[in-house]
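Written below as structure tokens is the structure these notes are about.
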Amino acid sequence: MMNTLTSSIYLGLVAGIVTLLYVIYIIFSIIRRPIAMNSSEEKSAAQIHGYIRSAALAYIKAQYGVILSIVTLIAVILIVLGIVFQNTLLLLSGVSYILGGICSAIVSIVGMLMGVFSNIRVLNVLSRENINKALVLAFRGGSVTGFLVGGVGLTFISLLFIAFNGLDPNYTMQATQLLLAYAFGASTAALFARVGGGIYTKAADVGADLVGKVEVGIPEDDPRNPGVIADNVGDNVGDCAGMGADLFESYIEGIIAPMAIAAVLGMSNLIAYPVLFSSIALLVSLFTSQFIAISPVREPGKTLTLTSIISIAAVAIINGIFTYSLDHTLLSAWVIGLLGLVAGAIVGFTSDYFTSPIYKPVKIVAQNSQFGPALTILSGMTMGFYSVFIPSIAIAIAAVASFAIGSALSATEKLLAGIYSAALAGTGMLSVAPIIVAADAYGPIVDNSAGLAEQANYSDEIRELADKLDSAGNTMKSISKGYAIGSAALTALALLFSFASVLAGRSGQKIDVIMQTIFNAGHPSYGAYFIGGVIIGAVIIALFVAMVIQAVTAAAGKLVDEIRRQFREKPGILEWKERPDYERAVQIVTYYALRRLIAPGILSILTPVIVVVAFGVGDPWRGASALGGLLIGSVASGLLLGLFQGNVGNTWDNAKKYIEAGNFGGKGTDTHKAAVVGDTVGDPLKDAAGPAINIMMKVMAVSSSVLIPFIIFGL
């Protein structure tokens, strides 16, 4: 009879493969639908869709050419060092690292392509059939990205654990360390994808809006705007490719971090539980995602939200039943996973409250826009900072309560059991990531569908239905952004603990000694280094944000110049007599996105190494203590700035849309112009800098677990 570890790993493999088979079925069911070409509107929409598809393919090819080159270079360095110094762990870390990068690329690229392939088909279904079927098709298009996250993640975690002989107790600790290298590869690829995609999408959005809406006064998604195709492509690059890569690495790290900690404890059932919990959650989510196909659609946003709530509740209940029937001693682990689930729900729905136009915060910002852009900005910032409080408290309570439960249940290893439990809360929060990503990736699909309806001059009735689907997408994007940032903080905390456990395992010292050394501001020898690290960790996040916003600003400025040039040199564009040069606008944004994505990524990867080397001269444990402070400072600062930027950007965006719906004077008024300024300022915050912080926190933490032990203990 198989033990708990073996059965859980094989369950993870089965769950992953079943999910991938479902994804393949969904892909073929979507792409086999022919694109309608009968009416003039359908032909026009198909032509514009062709521009979007070509530009998206060109960008993703160029971006991943750069990203995979960087990932390959780092992997080769690790492998060569492993060969030269005859270090098998380092060599296999290089192999595992590049596999992580490739898996991240697969999730990101396939997810984005399905977003592009789905948008025109959703519009066809909307115009030829009904909104119910269009909603189902759009959600299924988004579910490709969501279930790729879970399917690829669990399949490769299980395969690699088996391949690295993790089922043998003598090699379990080494196998989990190699899984951390896999996560490091996924994090590296995700970071560059998030930064590059964020720069692209927001430079295109801001550049197109500044000239089109503010200067010339043409509507959003107007085909006369030379930047409109780049803007449409950006929706898919940011919210399909970027979010998919982001939550893929969070998802796998949420599973791997507690496994690595449990390996130090040497308890196979605790190593198994994160895989077990996530496998059941994935299979349950596959089932509950079908609810959207049988639910009558009155309000698409409510249908999507209800589907997410049903999924979370079902995951909690079925996991509890399964855990109790398998091993009732693991019931406390289920409670800890449940704490993470609840914390994730609180974070997501708090973000919804502060960013949805049906609630007071957005209405307050819209009301203040009557008094000019300055009050739009100030009132938005106020709501943004308020929005940080409840999610941060929820995450803190989940972490502390999990730690307390775990440490109380252990008679000997209280500290190690506590940090395992805190990491397991992250597993619980991220177990429903596939359904959250599916709902988020729905957003750019219906956004593009609404844009195509506008650009192809569909009837007012079809455009209104498309906008109704799009408004639901905006709601889900707000929830998922908050969820992504909150889960990133809990994951980074789990990775921070896994870093300590890896050091304990490599040094042979007890975890209590390691924690006292690297996380103790009052340590007689290392306390000052720890405090210095905290300050650097907080500041490095601010530097990263500045670099990303500066990149968006520079790229948007170049696009503004190009759009102005085309309007100036081709006056027939605004009179519908000349075709804009969409390709030139796409080329400009692509060039600057790729040029600017490298520096922020290198900053994230090298900072932990530089801190350890600089502070650890003469005593590597001083460097380790400074690094412990760096990681803690980055999590605290990153959670604040990430949540703030994600929420404030969506608040300004929806305040603008609330005014456009006819409130406070509607479109074309000074109130609307003030709201457009707020929306434009918020765009790079919510879709570039804010989301990229998620990954930066995790990259620094996971790179510490993989690289720093080799610096401290030698090659």
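Heads up, the Cβ atoms here are built off N, Cα and C, so glycines get one too.
Any TrEMBL annotation is an automated prediction that lacks curation.
Annotated in TrEMBL:
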| type | residues | note |
| --- | --- | --- |
| SITE | Lys477 | site 'Determinant of potassium independence' |
| TRANSMEM | 6-28 | transmembrane segment |
| TRANSMEM | 64-85 | transmembrane segment |
| TRANSMEM | 97-117 | transmembrane segment |
| TRANSMEM | 137-163 | transmembrane segment |
| TRANSMEM | 175-193 | transmembrane segment |
| TRANSMEM | 331-351 | transmembrane segment |
| TRANSMEM | 383-405 | transmembrane segment |
| TRANSMEM | 483-505 | transmembrane segment |
| TRANSMEM | 526-549 | transmembrane segment |
| TRANSMEM | 597-617 | transmembrane segment |
| TRANSMEM | 624-644 | transmembrane segment |
| TRANSMEM | 692-713 | transmembrane segment |
Around the Cβ of Lys477 (site 'Determinant of potassium independence'), the count of other Cβ atoms that are within 10 Å: 27
Distal contacts, the transmembrane segment (331-351) - CB-CB under 8 A, six or more residues away: 270, 273, 277, 308-309, 312, 315-316, 319-320, 323-324, 387, 390-391, 394-395, 397-398, 401-402, 405-406, 409, 421, 424-432, 436, 478-483, 485-487, 490, 643, 646-647, 650
Cβ contacts the transmembrane segment (64-85)/the transmembrane segment (97-117), at least three under 8 Å, sequence gap 6 or more: yes
Highest-contact recorded stretch vs the transmembrane segment (483-505), from 97-117, 137-163, 175-193, 383-405, CB pairs under 8 Å: 383-405
Residues of the parent chain within Cβ reach of the transmembrane segment (175-193), under 8 Å, 6 or more residues beyond its termini: 63-64, 66-68, 70-71, 74-75, 78, 89, 92-94, 96-105, 108, 156-157, 160-161, 164-166, 241-242, 245-246, 248-249, 252-253, 256-257, 259-260, 263, 271, 498, 502, 505, 597-598, 600-601, 604-605, 692, 695-696, 698-699, 702-703, 705-706
Chain residues outside the transmembrane segment (383-405) and at least six past its termini with a C-beta under 8 angstroms from it: 332, 335-336, 339-340, 342-343, 346-347, 350-351, 353-355, 361-362, 364-365, 418-419, 421-422, 424-425, 429, 482, 486, 489-490, 493, 639-640, 643-645, 647-648, 651
Tertiary contacts of the transmembrane segment (97-117), as residues 6+ beyond its ends and Cβ separation under 8 Å: 27, 30-31, 52-53, 56-57, 60, 64, 67-68, 71-72, 74-75, 78, 141-142, 144-145, 148-149, 152-153, 156, 160, 181-190, 193, 235-237, 239-242, 244-245, 248-249, 252, 441, 444-445, 448, 706
